[in-house]
């Protein structure tokens with residue numbers, strides 16, 4: 001007979017106590033009239049979690065991989081994400097836990113639960129900083145390869161102190177983010193999430209329309225179908241695209257908060273599949289038409305391409321509509337990612353405390369501290385590509401691939417199938433190999449860059 005230590009017993013109890021606001025609680029209801037989230041609201045919230053800043057890096061990723069391998073990788077990312085989410089949901093029900101970290105604690109104990117929460121915090125902080133960076137790029141402009149790409153506020157009102165990055169981000173934080181991150185139910189964000197998805201589709205529609213017009217005029221050609229490998233550096237750089245694709249699908253941290261508020265929990269699998277189908281369609285369309293429109297000039301952040309003449313009528317107006325619509329989209333994505341960030345950080349720091357939704361003082365202090373950190377980070381992390389490579393190659397891959405696969409392989413409740421085990425090994429091997437290759441490629445690029453500067 002195996003004897004568990006008191007520490008193991010303690011952490012196996014914790015996951016059964018959820019810090020998530022649920023449809024039924026022993027506490028007073030947070031919102032009068034809340035009877036559970038709907039199917040459509042859950043789809044919009046999960047889709048908004050997925051379609052964030054990653055969509056802006058995908059055209060550049062497909063440019064590097066080539067059109068055919070790029071689209072295949074996007075579809076594979078969706079399929080693997082669905083598999084990993086299904087694992088954590090099934091094992092969550094078997095262990096009767098209401099959080100992702102609770103599922104990990106049930107399988108591996110408190111240390112690994114803490115490690116997962118640290119990964120989620122790092123991943124979400126990285127994403128939110130990148131979101132704010134892109135919003136700053138849209139409003140105040142950015143530099144890329146020595147070229148200045150103007151922001152919409154500079155174009156509309158010329159250069160003033162209040163059209164620079166810091167004042168604009170401060171204004172956005174106070175008057176946009178602060179109200180939206182004050183909600184204590186994730187379902188309260190369903191309308192802003194629906195608008196966010198709509199704005200992402202507007203971006204895709206305009207990009208597709210401009211690309212089709214220029215293609216019929218014969219001013220652009222078909223994009224490269226396969227990757228162009230000319231030397232060792234270009235070969236290894238291909239592997240850095242995998243973490244970016246993985247990062248674009250990370251939504252595991254919000255799966256349980258969304259499921260716990262559903263009227264009918266049996267709909268969650270269909271919600272996940274619907275959301276992933278919608279998001280992968282948007283990703284493929286954005287990548288294809290983005291590369292078709294800009295070709296080899298596609299930038300790491302494709303939004304920066306929309307600040308010049310597109311070669312079609314009303315080009316300037318279309319540029320502004322694209323950049324503003326996606327900037328607003330990210331403002332609406334921000335609070336739903338922030339929701340799980342705050343929740344996991346609170347569980348990490350105060351595992352035995354009253355749920356944060358019922359402690360107004362702790363809720364306010366945690367929210368203020370996190371927003372302050374994100375605001376500072378957004379003003380000191382200049383490159384979206386580097387930020388996505390860092391989070392994608394480390395915390396995001398652990399959250400999205402490694403932990404779900406490890407849970408299925410551990411199989412504490414004897415429910416894993418042979419397909420689960422096969423898929424788990426594929427997830428782990430892909431995660432480890434792509435992360436290692438990406439990190440080595442980054443180190444190699446830095447080394448060769450430094451060598452080039454010295455020579």
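The backbone N, Cα and C atoms fix where each Cβ goes, and this holds for glycine too.
Automatic prediction, not curation, is the source of TrEMBL annotations.
According to TrEMBL, the transmembrane segment annotation covers 32-55, 67-89, 110-134, 162-183, 195-215, 235-255, 276-295, 324-343, 363-381, 387-409, 425-447. What TrEMBL lists as domain 'Amino acid transporter transmembrane' is 37-423.
Of the recorded ranges 67-89, 110-134, 162-183, 235-255, 324-343, the transmembrane segment (195-215) has the largest number of C-beta contacts under 8 angstroms with 324-343. Listed as Cβ neighbours of the transmembrane segment (324-343) (distance under 8 Å, sequence separation of 6 or more from its ends, same chain) are residues 19-20, 45, 48-49, 51-53, 56, 120-121, 124-125, 127-128, 131-132, 134-135, 138-139, 152, 172, 176-177, 180-181, 183, 186, 189, 192-193, 195-196, 199-200, 202-203, 253-254, 257, 303, 356, 366-367, 370. Within its own chain, the transmembrane segment (67-89) has Cβ neighbours under 8 Å at 58, 61, 100, 103, 223-227, 241-242, 245-246, 248-252, 255-256, 259, 268-269, 272-273, 276-277, 279-280, 283-284, 287-288, 291, 400-401, 403-405, 407-408, 420, 423-424, 426-427, 430, counting only residues six or more beyond its boundaries. In this chain, the transmembrane segment (363-381) lies out of contact with the transmembrane segment (235-255); the count of Cβ pairs under 8 Å, excluding pairs fewer than 6 apart in sequence, is fewer than 3. Same-chain residues lying 6 or more positions outside the transmembrane segment (363-381) and placing a CB less than 8 Å from one of its CB atoms are 125, 128-130, 132-133, 136, 165-166, 169-170, 173, 177-178, 181-182, 184, 338, 341-342, 345-346, 356-357, 387.
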